Structure formats: structure tokens, C-alpha cells
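Everything on this sheet refers to the single structure shown next.
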Amino acid sequence: LQTMSGNEQDWLALKPQEPSPSQCCGSGCKPCIYDVYEKELAQWERAKAKQDKSLLMEKKEQSNNSELNPDTFTAFNISSVEQLTEDTYQYKFELPGNSSLRLSLGQHIVLRGVVNGLEVQRAYTPISPGNAEGYFEVLIKCYEAGLMSQYIKTWKKGDMVFWRGPFGGFPYQPNKHGELLMLTSGTGLAPMLPILQSITDDEEDETFVTLVGCFRTFDKIYLKPLLQDLARYWNIRIFYVLSQETSLEKLPWSYQENTYTGRLNEDLMKTIISSCRRRPFVLICGSSAFNEDMSRYLKAAGIEEDSCFVF
């Protein structure tokens with residue numbers, strides 16, 4: 001067998017690695033990690049054909065500027081870590097100067113982590129307003145067996161973390177819909193918060209909002225002070241559905257009238273829809289099982305697919 005020349009080995013070492021399925025977050029990002037790989041592979045092939053390694057340099061330089069970019073990962077510094085519940089954390093990241101991420105509403109960004117030598121990518125939606133200056137915040141739930149969670153649990157203030165984006169988003173326009181019905185489970189609350197804040201910040205926006213947050217117990221509700229503030233606006237109502245609470249008596253009285261125990265089922269969905277002030281446009285965000293259940297209950301309540309958006 002002919003041994004490979006040193007030059008060949010050098011080029012092989014520089015060849016981009018094809019992403020493994022675990023690296024694709026499945027959120028339909030444009031460009032997807034696979035698109036980025038195809039682009040980098042073509043660049044590598046051109047450089048190898050010309051035997052010119054400097055043609056590979058452009059992608060290295062790009063990631064040094066501290067702006068978020070959909071094609072390359074950019075490092076951001078963690079400025080604070082706050083534990084909200086036993087498994088949920090709020091992370092704050094620094095943005096250079098007074099820059100902002102300039103996300104449109106409900107857009108997500110993709111995180112890259114390396115666990116046991118395996119690269120993993122997951123999509124998260126910042127909960128800070130899209131125009132927040134000098135920082136952005138992300139709400140993350142860590143799972144016992146989650147690969148990415150093992151990586152995230154090691155984070156501390158001052159660590160550098162790699163993100164790219166933005167992707168997706170709900171094309172929200174003020175006053176386009178008479179009422180938004182937001183159905184969320186756990187951290188599915190995240191993409192709703194920038195939309196809610198843009199509605200409350202805009203005095204001209206008279207959209208009604210009904211937010212339904214599904215959590216296991218009262219203690220598991222995230223960001224209670226923020227939600228209580230939002231609920232004081234004339235056009236915003238917030239309901240909680242707590243699957244593992246048996247009685248409302250133990251809850252603070254201010255929560256008792258807008259909280260349900262048990263699950264958000266077809267009957268409760270009909271009750272909530274009939275209490276909406278206008279025919280709602282529905283935004284859904286939760287696990288895939290939650291999203292499927294909600295779509296089914298909405299259909300039973302006469303809300304068609306073209307009146308729904310799933311994050």
C-alpha cells in the first residue's frame with residue numbers, strides 16, 4: 001500500500017467534518033448546519049485543488065467579530081447565571097459596547113456545545129427584548145440525560161459560549177390579529193416574552209393577548225414577577241395550568257382566580273377560547289407532544305391550522 005504523503009495528511013486534517021445528526025437542531029434553520037458544512041467542504045475542495053491553504057482562512061477571520069452571524073459561531077461571554085427552579089436557569093450574555101442582537105420577534109439562536117468529544121447543537125429563544133442593549137438573556141431547562149444539558153450545567157460567570165443565528169421567528173405585526181392566544185409549556189414561554197413586551201411597549205398596539213402557561217406545580221412557574229407585571233396591562237390576561245397541583249387553596253390569592261389544576265385538555269381549551277374577546281390567532285410552544293395535543297384540541301374547538309403558528 002502506498003503511504004499517504006505528508007501533504008495529503010495535512011489536507012485531510014483540514015477537511016471539514018460532516019455534522020452528525022445530533023448536531024442538527026431540526027428547527028429548519030436557514031442556513032442549516034448541513035448547509036454550512038457543504039459550503040465549507042466546497043471551499044476546502046477549491047483550496048486543495050489549488051494547493052493553497054490561505055483560501056481556507058476566510059472562515060477563521062469571520063468569527064472574530066463579535067456580531068451574531070447565521071453562518072459562523074461567535075463567542076459570547078456569560079455575565080450572570082441565575083437558577084430559577086431546580087432544573088431551569090437564566091443566563092445573561094454580554095454584547096460588546098451597547099450593541100443589540102437585533103432579533104425580530106420569536107427568533108431563535110443556535111448554541112454549540114461539545115460533550116465527550118461529540119458536538120451538539122440546540123436552538124434557544126432569547127427572552128430579552130430584541131433591542132436590549134449590551135446583553136441578551138436565555139432561559140434554559142437542563143435535563144438529566146440531555147447531552148447539551150451536561151455541557152450547560154458546567155457554565156459559570158465569565159465562560160465563553162458559542163452561538164449563531166438568528167433563525168426562524170414569528171412575523172408579528174402590531175394590530176394584525178385581534179387577539180393572540182399563546183399556549184406554552186415550561187420553557188416554551190421564552191419566544192412569547194419578546195412578543196408580549198413589544199405589545200406592552202407600543203401604546204398604539206391594541207392586540208389582546210391571552211397567555212396560558214402550563215407547568216407542573218406553582219413553584220415551577222418561571223419569571224413570576226415579570227408575568228405579574230405583564231398581566232397588569234389592560235389587554236393581557238395570563239392563565240396558569242398546573243398539572244401536579246391538586247388544590248388552589250395553597251396558592252397566593254392573587255393566583256387563584258386565573259389558575260387551573262390538572263392538564264390543559266379539550267374542554268379547558270374550549271372554555272379559554274370562548275372567553276377570548278376576539279377570534280384568536282394561536283401561538284404554540286412546548287414539547288412536540290404538547291404541540292401535537294394543542295393542535296388537536298384547537299381543531300376540535302374549530303380553530304384551523306392557518307390560524308396557528310408553532311415555534
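Including glycine, each Cβ sits where the backbone N, Cα and C put it.
What TrEMBL lists as domain 'FAD-binding FR-type' is 71-173. Residues annotated as FAD binding site in TrEMBL: ARG122, TYR124, LEU139, LYS141, MET148, SER149.
In sequence order, HIS108, ILE109, VAL110, LEU111, VAL138, LEU139, ILE140, ALA190 constitute the residues six or more apart from TYR124 (FAD binding site) in its chain with CB-CB distances below 8 Å.
Within 10 Å of the C-beta atom of ARG122 (FAD binding site) sit 21 other C-beta atoms, taking all shown protein chains into account. Around SER149 (FAD binding site), taking its Cβ as the centre, 18 other Cβ atoms fall within 10 Å, counting all chains.
Each of LEU111, VAL138, ILE140, CYS142, GLY146, ILE152, THR187 belongs to the same chain as ARG122, TYR124, LEU139, LYS141, MET148, SER149, is absent from that list, and has a C-beta within 8 angstroms of the C-beta centroid marking the FAD site. The binding-site residues under consideration are LEU139, MET148. Their Cβ neighbour counts within 10 Å are lowest for MET148. Less than 8 angstroms from the CB of LYS141 (FAD binding site) sit ASP87, THR88, GLY186, THR187, each of them six or more residues away in the same chain. Among ARG122, TYR124, LEU139, LYS141, MET148, SER149, the residues given in the record as binding FAD, the maximal Cα to Cα distance rounds to 14 Å.
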